[in-house]
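Worksheet: one structure, shown below.
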């Protein structure tokens with residue numbers, strides 16, 4: 001180290017470490033307790049840290065700043081290596097769940113598909129791996145997706161639509177769940193259809209003669225498009241295609257179709273595949289397009305839990321379908337993704353909040369007076385306003401993310417149980433639960449992926465130019481993130497869908513007094529007939545005095561907003577005309593869910609795992625700041641729908657908000673440390689734990705950009721530039737020199 | 001073309017061309033007139049199209065979709081080639097301005113630096129090239145920046161701070177303006193200081209013995225950072241460093257420092273340079289860091305228009321400085337960038353609006369009823385709300401961008417004239433004009449670069465998954481764009497600076513009746529004492545009845561907002577506490593400027609160049625929609641500051657807004673065509689003129705992703721995957737096979 005890489009401790013300038021150390025020394029918050037709160041429970045917290053520790057220290061899986069310099073091909077190669085590495089962790093994780101490391105080879109027994117040797121695979125078996133994958137996705141999102149498509153989309157499509165035998169065959173015997181033998185992709189969207197799944201055009205025509213389906217792409221717009229893993233990795237696809245039997249179109253069903261020979265990776269007959277190429281982010285995923293040219297698959301490859309093509313011994317064919325369940329199952333593959341994206345929102349949000357808060361504390365700019373040391377960014381009220389509410393976002397996401405995940409798994413278990421036992425009553429109950437889960441997950445997925453897109457963007461801007469450096473994570477982080485707002489349900493479409501269901505519940509409750517006390521009591525308690533009445537009559541009023549008020553004000557707003565929408569729809573007879581307001585309903589529903597879940601968790605002595613009062617107090621401030629920030633953001637609606645008056649906004653909401661900022665600021669480093677993200681997970685030197693911003697950043701830049709081969713600062717393409725700079729004059733002989741007066745006069749002769 | 005690349009014209013599905021053709025056939029708008037309106041005048045319009053035509057057809061400068069697949073090194077090489085190409089256009093453009101193509105070699109005469117041979121270079125000489133560069137920057141932003149740093153930052157730094165002789169020497173005789181001999185970079189920001197220029201730490205110590213400056217980087221945080229062109233291209237830098245003479249620190253001044261030998265590109269003694277590496281966007285720019293280790297330059301290399309180090313024959317040294325002008329000139333290099341960014345906002349905005357509107361018209365999704373054809377996205381009210389106000393944004397930017405540009409050049413001419421003739425009175429006037437220009441350009445730069453960042457992001461989302469494909473331009477477009485929110489003045493810092501000046505003007509006017517009728521009448525007419533009085537007294541009321549009202553409502557809002565801020569500051573005695581509101585002042589000031597300039601231009605029969613009434617009507621709708629959209633967006637403030645009541649928002653603003661959407665929708669394709677952007681400038685197949693969305697997109701994807709060398713769909717890294725899929729069981733002999741019961745029992749013996 002020469003002296004130009006040191007920082008003069010006596011200069012008036014910058015020594016960020018001391019500021020961050022000071023914050024740590026002064027904070028009275030119990031970081032341990034907060035992390036347990038954020039990780040849901042001590043057991044889950046322990047698992048999180050074990051897994052993170054393995055991931056960031058694994059020589060193949062760990063991700064350094066050189067990640068930000070990789071080309072598309074390099075990214076894809078590295079991702080493939082990491083997938084192979086994760087495959088061995090998968091075996092390890094299943095054995096860990098089953099506590100089975102000796103005696104017999106569990107994997108061999110599972111693939112034997114013999115219940116006497118090993119019980120069939122369940123969701124529980126891959127619960128550790130699921131969490132591992134969710135954490136990996138936080139470090140290397142494209143890796144997460146590439147495995148997530150195989151297990152979460154391909155796998156869940158089979159689980160949701162296949163018979164027990166089909167599930168066992170494809171996922172266990174053939175090894176797909178073990179990431180063996182089969183690598184799957186999920187061929188739903190087409191070039192011409194994304195959101196409108198029912199209008200997909202790929203055809204699956206049943207051919208009686210061969211007792212097989214002929215899969216065909218009728219025209220260009222029916223080309224399967226955006227299929228993750230199709231370009232280079234997938235050996236099989238679950239394909240959404242129109243079932244056509246004896247000329248009749250039964251709508252879109254799912255089929256397992258082999259694409260490639262797993263050993264040679266050559267495409268099978270009739271399969272055309274191409275690479276979708278460069279994307280805004282996640283270039284490590286080999287998204288592809290697929291066209292089928294009369295590809296033949298046996299009848300048994302149609303996933304047949306809810307729709308069956310039955311061939312009688314006499315050769316006649318019937319189609320048996322359970323439309324209601326069929327529809328539900330159709331979405332269940334996407335449900336897993338949505339639930340996971342809420343968890344991703346927590347983890348991504350905490351990562352970028354950590355980076356930006358540490359930078360804001362360590363960075364100084366402008367002194368109040370000449371000669372005084374410069375002010376830390378975090379001490380500017382505007383900077384507090386830009387950073388601290390964003391820090392609160394992942395705090396408010398965490399409880400709802402865990403709750404949604406738990407509810408997803410328990411509902412899925414119920415569904416499998418009910419559908420395997422063909423218990424009709426149980427099926428009806430579980431299908432209602434699933435519908436509620438659709439509403440919550442759609443609204444939470446859309447709202448949270450938007451919130452985090454905003455968070456990354458706004459926090460990048462708070463880091464100034466250094467936020468634009470790829471090595472500080474925001475650029476790739478944003479590009480990788482924003483696809484979450486579009487895929488597996490476009491956020492606007494999801495918001496409309498969930499809001500329309502909420503509006504229907506509202507109308508049922510308000511006009512007919514209908515309310516399912518058992519099913520709707522949690523997420524939809526603001527839709528109780530009595531509650532709606534009390535809001536409309538003015539009996540229930542908005543205030544911000546008690547902790548519960550910060551949630552309830554959103555319930556009141558939702559009721560008033562829904563009532564306003566109801567009136568407009570009645571007048572216009574068009575639901576489309578209120579769609580802008582419906583998107584708000586979905587947002588407000590999600591914000592309320594987040595606040596309510598957080599409130600209930602923190603309020604519970606058993607669930608919160610917070611025993612320290614100062615810590616609890618600090619977490620209540622986070623809760624209040626989050627609510628106030630979004631009330632202020634939506635002060636237009638809060639005034640328009642008369643939840644607050646202009647004066648209440650000026651005298652209550654905004655002053656409370658401004659007053660909270662310096663209070664939350666006091667604990668901001670502890671609240672950041674409480675995410676307990678190791679540097680290797682942040683992968684952004686301006687945000688590392690030690691706060692040595694400038695050295696860390698400088699060193700990473702130098703490491704990734706060594707001196708050029710021909711001399712420091714001399715580019716391989718220097719000839720392009722020196723030729724230009726050294727060029728002569730146009731009228732020189734070498735260029736013909738025709739235009740001087742002398743030459744021209746010769747030509748004039 | 002096989003049939004899988006055709007679209008079945010009889011199918012219920014998608015044929016986007018016919019929709020776009022239909023819109024064109026039905027629209028009554030005169031595209032020609034609108035384009036003249038947007039391009040400011042017929043003459044300017046003609047020049048724009050001549051230049052665009054040359055650029056998109058130039059074999060080196062044209063940019064295809066393969067641009068989106070280039071690696072960082074490829075981007076840099078290609079950019080270097082394009083720079084060399086632009087250098088010959090520069091010569092051509094100067095000769096065009098001077099109408100000098102024969103007789104003598106103008107370039108040779110200019111470099112001879114002899115006024116008898118050729119008049120000195122002026123801004124007028126490079127006016128065509130400036131426009132060419134601005135248009136190139138719209139197609140290839142990194143190329144624009146790389147040349148812009150040389151001419152706009154390096155060049156303007158010399159023009160703003162150098163003596164006439166220095167300007168003539170560096171820019172003309174040495175050839176910098178001709179992009180010859182010298183390639184410059186602008187070494188202002190350091191690792192530790194960006195916005196706070198006054199605290200830069202690089203030292204320039206005058207050494208009496210050698211009559212030279214010793215330039216030195218005192219510590220790591222003083223490393224010059226983010227310097228565009230430094231890593232690989234620049235031969236010289238204008239360096240911001242602290243002038244220290246005989247131990248006294250005179251603050252930050254500017255120096256020309258040679259970095260590299262232009263022919264060998266080797267670094268000169270004492271210069272350390274490194275590559276900053278990967279960025280969120282614009283990887284074709286070779287941003288670098290620079291450290292100086294006692295680098296010696298002659299005294300004459302300090303730019304000395306306003307600060308001079310004078311050495312007497314007796315060897316004594318004095319420093320002469322004109323502090324007020326010095327400060328102004330310090331910022332003038334950045335002024336050019338800000339003015340250009342407003343123009344970029346117009347051009348970037350029109351590009352992405354074109355793509356998204358054409359896609360919204362051509363794309364269908366979901367049918368109202370089974371069997372009916374699917375609805376065009378643009379016919380959904382929510383989609384109209386998402387797309388059409390964004391289409392209005394570039395319309396509202398254009399007039400103010402041209403006006404600001406004109407005002408910049410005329411003020412600069414005044415400045416040079418006044419400072420060359422040392423006319424004190426003229427200097428005082430022009431310095432006031434410059435200050436106003438700082439306010440307007442800061443507020444417009446910040447607001448418009450934010451508006452366009454939002455526009456690109458929101459419009460990308462309206463294109464669903466296809467918006468995430470790199471080939472449709474949004475990804476790289478966004479990544480390249482957002483640095484505009486940070487560089488050459490961080491948007492928040494700029495907003496605060498301009499708002500504080502506006503607040504000062506407000507206070508002067510409201511409390512002391514001070515208002516400069518001559519200088520402030522245009523941008524600051526809402527700050528006239530009488531006007532402020534009439535708003536505060538309620539005499540001037542908000543309404544939305546006449547066209548002028550859509551601008552005036554913003555004037556009223558500004559006055560009320562400023563009055564509110566005034567009260568808060570009086571109470572708190574802290575300007576920092578209202579900084580969130582000050583950012584709003586800057587935004588509202590910019591929105592008002594945009595509306596006012598647009599209103600005045602369209603209202604003028606001579607300036608608007610619109611003779612057709614239907615066309616004018618349509619442009620008034622654009623104006624109204626823009627204003628209403630932002631009133632609604634800011635309905636929180638409009639209600640809080642009592643510009644409109646909740647009922648007015650519900651009954652006037654929002655219904656007017658919703659009613660305008662389908663009206664503007666009728667002309668949306670014509671309003672898009674009116675930008676007259678050729679496909680080669682859009683470089684995004686879903687937005688091409690013919691509307692053949694799916695073919696264009698599919699063909700570009702296929703062209704950029706040809707079949708893999710080892711077989712279609714077989715990745716070069718297939719072994720990684722096939723080895724994983726074919727792997728055996730852990731207990732096999734090859735892995736030691738130690739854990740079977742049989743083996744374990746042997747070990748147990």
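Just so it is clear, glycine is given a Cβ too, placed from its N, Cα and C backbone atoms.
Quick caveat, the model's predicted, so the values are computed rather than measured.
Annotation source TrEMBL lists domain 'Acyl-coenzyme A oxidase N-terminal' at A:31-172.
On the 0 to 100 pLDDT scale, the domain 'Acyl-CoA oxidase/dehydrogenase middle' (A:185-295) averages 96 in this prediction. Per TrEMBL, domain 'Acyl-CoA oxidase/dehydrogenase middle' is recorded for A:185-295.
Packing around residue A:228 (FAD binding site) is summarised by its Cβ count: 25 other Cβ atoms lie within 10 angstroms of its Cβ, all protein chains included. Look at residue A:228 (FAD binding site): DSSP puts it in coil. Taken from TrEMBL, the feature FAD binding site covers A:189, A:228.
Here TrEMBL flags A:331-502 as domain 'Acyl-CoA oxidase C-alpha1'.
Residues or ranges marked as active site, proton acceptor by TrEMBL: A:488. In the three-state DSSP reading, residue A:488 (active site, proton acceptor) counts as coil.
Residues annotated as domain 'Acyl-CoA oxidase C-terminal' in TrEMBL: A:549-725.
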State the count of C-beta atoms found within 10 angstroms of the C-beta of residue A:488 (active site, proton acceptor), not counting that atom itself.
22
Using DSSP, what is the helix/strand/coil residue split across the domain 'Acyl-CoA oxidase/dehydrogenase middle' (A:185-295)?
6 helix, 53 strand, 52 coil
Using Cα coordinates, what distance in whole Å links residue A:228 (FAD binding site) and residue A:488 (active site, proton acceptor)?
12
Measure from the CA atom of residue A:189 (FAD binding site) to the CA atom of residue A:488 (active site, proton acceptor) and give the result in Å, rounded to a whole number.
10
Relative to the Cβ of residue A:189 (FAD binding site), which residues of the same chain, six or more apart in sequence, are found under 8 Å away?
A:224, A:225, A:226, A:227
Per DSSP, what is the residue count of the domain 'Acyl-coenzyme A oxidase N-terminal' (A:31-172) in each of helix, strand and coil?
110 helix, 1 strand, 31 coil
